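Residues or ranges marked as region 'Disordered' by TrEMBL: 1-105, 139-159, 180-203, 240-290, 331-350. Feature annotation from TrEMBL assigns compositional bias 'Low complexity' to 23-46. Feature annotation from TrEMBL assigns compositional bias 'Basic residues' to 63-72. Residues annotated as compositional bias 'Basic and acidic residues' in TrEMBL: 88-105, 240-256, 264-290, 341-350.
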Amino acid sequence: MASKDAHLYGARPKSRTKAKEISSSSTLAFSSTLSNLIKASSSESSKPAAGRARPQKEDIFKTHNKNVKKRALKDLEDSDFTQKHRGLTTEEKGEDEAAWKRTKRRMEEKARLYDALKRGDVEDIDDKYGVDFDRKWAENQDKGEAASASESESEASEVEELIEYVDEFGRTRKGTRAEVARESRRKNTLAADEPDRFTARPSMPEAIIYGDTVQTNAFNPDETIAQQMADLAAKRDKELTPPPELHFDGRAEARQRGTGFFHFSKDEEERTEQMGRMEREREETERVRRERKELIDKRKEMIREKKRLIQEKRSAGKAERFLDDLGAELFKGSDEVEEKEGDKEEKGAA
């Protein structure tokens, strides 16, 4: 059979590739490699599964503020800290000069006004300026301080004379001429307004103790007790008098009263008369009630008597009817007996 027709008869074709012979060395290498792979796979399967990686929290002692290094480097840099100003223009210089002159003029006016207030040439009646030079002078006198160095030379050289005057509380005071003039004007104003003045200020006390006075009552503590005992003795020795008659007064109570409520007079005679009238009215009312009750009782007695008579008549009528019925029944029975006896006699005769 030709080789080209071998497939028609089911013959296996010859392999074109020649069988490769495996040497013993290659077999050993393959077995060692396979054993290493098996060991590696078994070791990997025995290891636990690794968890999800979590971010590690930074240590507060290792971390630093943001951009702190940049700021530190910037601080180390040499820089010029000198301030730079732009120059003023001619217009701005003129405005500053005008403002300075205006401020200087106002300060000079205030200084002159302050000196005038200290000398007393100008009066601060309405407390407009808010400076009490009298109090300041008194405080300086109490402290023993010398005049301030800021006072003008004219005031330092000028020695004011102190004048005695009486103030509103009756005290003798010493003060400047301005204080005396102010006090006199105040007194004149009060004297002019005194008739139309209304105030709650109490009047000056009259019984005032002046100087050293010995109060003897302070060394006699039993005087109060003695006075109380005297009052008790007076109450004990006075004549016995009955207590005043006190009656009920309905006007002193705030409540709803009935129709028959009556206000009695506080006068004893009128009250007695009212009580008498009330007593007579009560007696009359009781008499009328008694008479009315007697009439009602009589009428009830008459009704009871009529009922009794009617009942008697009714009972008598019933008795008569009963007797009539009974007599009729008796007569009927006797007639029947007589008829029966007559029938018997007739039968016997036949």
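The backbone N, Cα and C atoms fix where each Cβ goes, and this holds for glycine too.
Unlike curated entries, TrEMBL annotations are predicted automatically.
DSSP places the residues of the compositional bias 'Basic residues' (63-72) in helix, strand and coil in these numbers: 5 helix, 0 strand, 5 coil.
Per-class residue totals from DSSP over the region 'Disordered' (240-290), listed helix then strand then coil: 26 helix, 0 strand, 25 coil. When the compositional bias 'Basic and acidic residues' (88-105) is classified with DSSP, helix, strand and coil residues number 16 helix, 0 strand, 2 coil.
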